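Undergrad: So Swiss-Prot has the following annotated:
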| type | residues | note |
| --- | --- | --- |
| BINDING | Glu235, Phe288, Glu289, Asp304 | Ca(2+) binding site |
| REGION | 422-443 | region 'Disordered' |
| COMPBIAS | 431-443 | compositional bias 'Polar residues' |
| LIPID | Asp503 | GPI-anchor amidated aspartate |
Amino acid sequence: MQGPWVLLLLGLRLQLSLGIIPVEEENPDFWNRQAAEALGAAKKLQPAQTAAKNLIIFLGDGMGVSTVTAARILKGQKKDKLGPETFLAMDRFPYVALSKTYSVDKHVPDSGATATAYLCGVKGNFQTIGLSAAARFNQCNTTRGNEVISVMNRAKKAGKSVGVVTTTRVQHASPAGAYAHTVNRNWYSDADVPASARQEGCQDIATQLISNMDIDVILGGGRKYMFPMGTPDPEYPDDYSQGGTRLDGKNLVQEWLAKHQGARYVWNRTELLQASLDPSVTHLMGLFEPGDMKYEIHRDSTLDPSLMEMTEAALLLLSRNPRGFFLFVEGGRIDHGHHESRAYRALTETIMFDDAIERAGQLTSEEDTLSLVTADHSHVFSFGGYPLRGSSIFGLAPGKARDRKAYTVLLYGNGPGYVLKDGARPDVTESESGSPEYRQQSAVPLDGETHAGEDVAVFARGPQAHLVHGVQEQTFIAHVMAFAACLEPYTACDLAPRAGTTDAAHPGPSVVPALLPLLAGTLLLLGTATAP
């Protein structure tokens, strides 16, 4: 049918005639010059053969390649650009690879099995965490003896400080991969663990958070799993459903505080910023919601810190250790937006995640810090329909579908966006599709949209980043980190310390000077805002 193609060509002619597309892009010299500059930069790349003092892994939960592309366009359009020519912070990382995300038992994985792969270096089974594939989902008696050790745990044993930052609950599958061993990723609190499993000795994830290893910084959501049943939540005291859930009567926050003389617990943004500036604070736990943290578009900026602010606070504390640090940073609600088939939520979460990556890059040095950005898995999220460049990423394709109705350029293969109106697919308008609450249409009706099984990108910068190349198993990521920092099982890595130091554990440039003006200014504003 010629109709859609004719409309597309007419639209393109109109777009060019209106001057939307930069006129210089019509000249081949523009593209040749751009490519020559990129080639020149590539020729200057020199692998950093030194050891990494610090390790940061940024995990975009559910951030497949289509999500990265769409978020890049959205970030540009928010700055009044056409979109695709924009660079995300992660795009600037010089080394890129693809990661195969399958679990031992599934083509398409969950976040528990993938966390085991990229944090522990071993593939496991669907919905298990920190266990080899010899462990079976929901079978407590297969836990013991099948535990695998995370890079974060190895970093702690090597004398480094370690931290976990996430926009989900801190007991969620991705961050739990750094410290927990469980046959069921949903065992957040002891109330979620069957009595039979508790009798067999299986611990809930919240208990493991404070008992399995000494984590210096813990920031995210998940308050309700740390307190006894009936404990009112400080932010929602009248909502019983948001209060403590524990059946064992334990106050895990108090138990954690008692372990460390310099420990501090906070539950709002003001307390976080104050604690991060206090030199007496050696350990910091911040739990800012009963469950997952709010989406960025719903965040109360007076109470809830952004992912970037949590990352800054974590870096401020962790960088005090002259032996270096390991930091896990997760943009966890990208995944949740996709499961809801709400692309607006997923993409704005991706941009917030990218902002945290950019800020961390400003506060650390690639001379001594290996930074990796990746996803645990993708989603059945597509971007197509021949939209005109510069048109809204949330807009409509220029042509109609065979049912003579409009369709959006962003769609899902399955999910809750499958809706029938009078027995047919409903028409959609530009104003509807641009709403933050809009669910993109799906081909198959499901209560929740599913993960996808294609490879995901890995971006790398810093010492040993050149090892990130080609198409690799997801487990390779953990091994690159361990080798770069000379952690088990690569303690005999034979890597030289970075220039200007006598050993790889020597302190490098501190993030403290860069952070102090920002945090002090923020606290001053907060004090002014709350003054009577």
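Cβ atoms are placed via backbone N, Cα and C, with glycine included.
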Undergrad: Let me know how many other Cβ atoms fall within 10 Å of the Cβ of Asp304 (Ca(2+) binding site).
TA: 22
Undergrad: Can you tell which of Glu235, Phe288, Glu289 has the least company, meaning the fewest other C-beta atoms within 10 angstroms of its C-beta, among these binding-site residues?
TA: Glu235
Undergrad: To test your reading of the Ca(2+) site: which residues beyond Glu235, Phe288, Glu289, Asp304, same chain only, put their Cβ within 8 Å of the Cβ centroid of those residues?
TA: Gly221, Arg223, Trp267, Asn268, Leu287, Pro290, Met293, Lys294, Asp300, Leu303
Undergrad: So, in DSSP terms, is Glu289 (Ca(2+) binding site) helix, strand, or coil?
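TA: The three-state answer is coil.
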Undergrad: Take the compositional bias 'Polar residues' (431-443) and count its residues per DSSP category (helix H/G/I, strand E/B, coil), listing them in that order.
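TA: Summed by class, the stretch gives 3 helix, 2 strand, 8 coil.
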